[in-house]
Structures are given as C-alpha cells and as structure tokens.
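According to TrEMBL, the feature domain 'Aminotransferase class V' maps to 4-348. Marked as L-glutamate binding site by TrEMBL: Arg42. Annotation source TrEMBL lists pyridoxal 5'-phosphate binding site at Ala76, Ser77, Phe101, Thr151, Asp171, Gln194, Asn236, Thr237. Feature annotation from TrEMBL assigns N6-(pyridoxal phosphate)lysine to Lys195.
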Amino acid sequence: MARVYNFSAGPSMLPESVLKKAQSELLEYGSSGQSVMEMSHRSSVYDAIIRDVESSLRRVLAIPENYKVGFFQGGASTQFAMVPLNLMTTGKADYIVTGNFSKKAAEEAAKFGEARIVASSKDRNFTYIPDVKAIDYSKDASYLHICENNTIFGTRYAELPQVEGVPLVADMSSCILSRPTDVSKYGLLYFGVQKNVAPAGMAVAVVREDLLGRAAESVPTMLNYKTIIDADSMYNTPPCWCIYMMGLVLHYIEDEVGGLAQMEKRNNEKAALLYDYLDSQEFFTNPVEKKYRSVMNVTFTSPSPELDKKFCAQAEQAGLVNLKGHRLVGGMRASIYNAMPRAGVEKLVEFMREFERENG
Ligand code: PMP
C-alpha cells in the first residue's frame, strides 16, 4: 500500500493513527459485539461515545461553560441559513466578504433580512483581509459574520473584529483546531468537519447561551439551534460514525500532538517551509498579502496555465495529489491541514524546486 500525500481542500487527510484505530474497531467497538456504524444511537454504548466527544471538544478548544455545543447535518452551508434564522432578531446583520464562502453566507442571510456587506476584499480578488478596525459597522446589527480562514483564496484574519454589543459569528471550517482559539471572542462559531476534524457529513456549532432561543416560531424544527442543542445532539439520528471519528481525532490532538498550542507550532512550521520557499524564488508566485497568509491553504501559480497543468500532473505521479487550485483562482493550492505530515510538505517543496529547475 502506498498512501499519497493528499493536499485536498476537503475532505482531506486524517491522521494515520486515527484511521488505524478506526480500522481496529471497525467490526467490533469495545466489547459491544457491533460496529459503531450499526449501533443504535440510543444505546448506552453510543451515549458514552457522543458524551465523550462533546467533552473532549470542550477540553481541547477550552470552551467556556456558558457556551453550548451542537452537532448538525447539512454541512457548513446549512449554517449559512441557520445563523440568520436563529440570530437575526433586528432584521439586520453585518457581513465581511473575503471570499466565496462569506459571499454565499451573506447571500443566504439576505433571504431573511438585510445582510449588509460592511467590507469586502473583492477589489483585489480576495488576496487580503480588510482592516477590521477601519470598518463602519452597523450599531443595530444582530451579529457580524466573518469567514476566518478563506479556503479558496488562502487568506486568514490576522486580527478578529470586535464590535461592542454585536456578537461575532465566524465560519471556522478550514481553520478550526489548527491553533488555540479564544472562544469568548465569538457569539457563535461553526465549522464543517471535513478538513481538520472528521470525515464529511457534519457541522459543529458552538453558541453562547444567551443567543439561543431567539428564533421565530416559524423556523423549521431542525434548523433551530435550540432543538438540537437542548437534546444533546440527539433530537433525531445524528451522524453517528462521523461523531465517533471526531472523537478519535480529538484524542489524537490531545494525546499524540499534545493540544492545540503544539498543533499550532507544527502547522506554523509546515506553512513556513512552503512560504519561505515561495519567497526565495521567482518562478512560483503567491498573490496573498503576507500578513494575511493562511496557514492551512497555500495558493501559488507557475508562469503559465500550461505549466500549472504540467505541475499538477507530474506532482500526482510523485504521490502529491489534489494540488489543482480552485477554479476561481487557478494555479495550485496546497491544503496543509492538521493531518498533513511535515514530510508531505517537505516532499512538495522538493518537488517544486525540481520543477522550477527543469522548467524555469
Ligand atoms: N465554509 C468554508 C470556509 C469552506 O471551506 C467550505 C467548504 N469547503 C464551506 C463553508 C462549505 O462547507 P460544506 O461543504 O460543509 O457545506
């Protein structure tokens, strides 16, 4: 078996030890005589699993007592609608648009009220993050929404906007668990799990208690945060396997990596390998303003679309897969989430050097 280094933006690599653990428990979980995939979600065995996953997440992310956690289906995209449906009590919310997903979130919110775009980095094809201190925020916004790491454009906030009295809502799909997070700065944060947390199939929301229970009566039961959260994510059948896998990943972060500070150190070192190389030569270009470079998604282009194509094809032959950039950006994108080993990034940089020598 030859496992490749997979630079996919999501679903993406999972830690090998997690996959092996899942494999070892695939046919029989503990002494239950059954697989987690087959278990009743109402069984005591599964109940212990889901409770452990929530408490592990609370520990790893250091979630304060006054925040609730819920597991939701429909991916991060459903959260784009749930946020306004549950929080837009003034009929208005502020959105900062820094890429495709924050744009989609704003468009979804506009179906339910006024989604005011208070800043955007579209003028320079989303290669930077607007200065959060210079924005004219609405005083009567129900919340301010951001996408903290922009998966497609390879940018991330260097500083979080904080507006007195207006809860910050953040899509953290492509940066969650990559470094310590001060949860108390957010009213609500959410993430799709398929990058740093688990296989695809779920989103998680962490919601400050006082923001719950504000949804109108007409909001569908399953789209009300309170429904799922009040039922400890067991209102209906949850994505049982996905939740179990998330638990394995959380235990990996705690026990093997040593927590989020260590995770951040590893991630910063991996990203520095790539960015330092990119800064040392002129064949490949990274368009992002340095201050806002993502540690998770690194974009770059070669001198021509033809060479980009050749690069991706040859990289694949070398076991470096899914490097093609998003169609909105072109070129290449290396997603180097938590589970990407340092050796994978080293091999990529070595491959880039060689490609540059041969084609430069
Ligand atoms: N937000 C961000 C930052 C993303 O990267 C993605 C998916 N790549 C989404 C939202 C959409 O997630 P989902 O496919 O889970 O709906």
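A Cβ is built for glycine as well, from the same backbone N, Cα and C atoms used for every other residue.
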Assigned element (helix, strand, coil) containing the residue listed as 'L-glutamate binding site', judged by DSSP:
coil
How many Å separate the Cα atoms of Ala76 (pyridoxal 5'-phosphate binding site) and Lys195 (N6-(pyridoxal phosphate)lysine)?
12
Can you tell me which of Arg42, Thr151, Lys195, Asn236, our recorded positions, come within under 6 Å of ligand 1 at the Cβ?
Thr151
Distance, Arg42 (L-glutamate binding site) to Asn236 (pyridoxal 5'-phosphate binding site) (CA atoms, angstrom):
10
Lys195 (N6-(pyridoxal phosphate)lysine) - helix vs strand vs coil (DSSP):
coil
Which residues does Phe101 (pyridoxal 5'-phosphate binding site) neighbour through Cβ under 8 Å, counting only same-chain ones at least six apart?
Ala76, Cys147, Asn150, Thr151, Ile152, Asp171, Ser173
Using only C-alpha positions, which one of Arg42, Ser77, Thr237 is spatially nearest the residue listed as 'N6-(pyridoxal phosphate)lysine'? These are the binding-site residues in the record.
Ser77
Arg42 (L-glutamate binding site) versus Thr237 (pyridoxal 5'-phosphate binding site) - Cα distance in angstrom:
9
Determine the mean pLDDT over the domain 'Aminotransferase class V' (4-348), rounding to the nearest whole number.
98
For Gln194 (pyridoxal 5'-phosphate binding site) and Arg42 (L-glutamate binding site), determine the Cα separation and express it in whole Å.
25
